[in-house]
Amino acid sequence: TSARPPRLAGLCNMYLKQYDTSAECFKRANAIQRHDTTFMQLGKVYTLQEEYRTAVEVYLEALEFSPENPELLTTVGLLYLRLGENYKAFDFLGNSLTHDPRNPKTILAAGSIIQDHSDMDVALVKYRVAAVQTPHSAQLWNNIGMCFFGKQRFVAAIACLKRALYLDPFEWIISYNLGLVHLSTGQYASAFHYFSTSINLKPDFPSSYMYLAITLNRLDDFDNACQAYEKAIEMEEDHLFRLNYAITLFNNEEVERAALHFAEFELLFEKLDEEARNADPEVAEQRAALQEALGTPGGGSSRGKGGEKQGLPVTPSAPLPAAPSIEDGLAEGRMEGEVPSPDIS
């Protein structure tokens, strides 16, 4: 009996989005004759259903059958990356690169993990290899741009991100990152343009509204800044949204409203685990400064109603992102850029 008919039936059902039937067809094909392609397609069916753990199990079974297949190794690495298990992801991606050292998809994924650990120079070396293979990859130029941002080479960052935008003008994350860089360099009109574009392309990403609010406040549009903060908070209860909103309100002499949002920040902040609370020392520093400024208990030394100087950018966790910071003084902050994860499908 040939495995080809059930494999073809599985493909047809997958494209018809009849995933359960498709999975059964691929399993039947594997029962007749195991093959790398069948495992890959079965894993893809589970990935399309967002059953990532099940997909990983399928690919790991495939690796027992074909342990040196770089495509399988890369796919497992990408799934672990999506699941936030970066160490396992890097292990599989590194193994894949030993068999196929010039695979741009693998290099892009491995580079994003290296960026997560703030090793920009090593990531750039990896990306240089990928650029030879795929010079027209928007994701690659986006990641290169955010590496330069992490090194505070802003002109190079903007040049690379604009090249990425030229290659893929409808990729929201590129506009978002351009907004971060322009906000960081004090070019608020340009930052407003790029954050607005990012929101138009992906209106359900709450951090975009927070950074738009910061930008609007810098442009002396306090009312619209407040509306943007309210939108971000409506979409997601994040402690940084509340902290930045409280800082903006305090700097605009809305002390009572600032105190209310700071109280909400405190509730959210206390719910975080110890590692998350200590992840960014500047958050604790701003918390203490605002506590004393508002006269609430537990405050440290006040830094007053400080200027709005941009903090030092640091690379955040991949895959979705590239330059977090919290600003100096009582000013809005924490930039979380995004390094997009390579497409698994």
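Using N, Cα and C of the backbone, Cβ positions are placed for all residues, glycine too.
All annotation found in TrEMBL is predicted automatically rather than curated by experts.
Residues annotated as repeat 'TPR' in TrEMBL: 36-69, 70-103, 138-171, 172-205, 206-239. Sequence annotations record features per position, and here TrEMBL assigns region 'Disordered' to 291-345.
Within its own chain, the repeat 'TPR' (36-69) is flanked in space by residues 3, 7, 10-11, 14, 17, 19, 22-23, 26-27, 29-30, 75-76, 79-80, 82-83, 99, 344-345, which lie at least six positions past its ends and keep a Cβ under 8 Å from the stretch. Taken residue by residue, the repeat 'TPR' (36-69) breaks down under DSSP into 27 helix, 0 strand, 7 coil. The average pLDDT for the repeat 'TPR' (172-205) in the predicted structure is 96. Residue counts for the repeat 'TPR' (138-171) under DSSP (helix as H, G, I; strand as E, B; rest coil) come to 27 helix, 0 strand, 7 coil.
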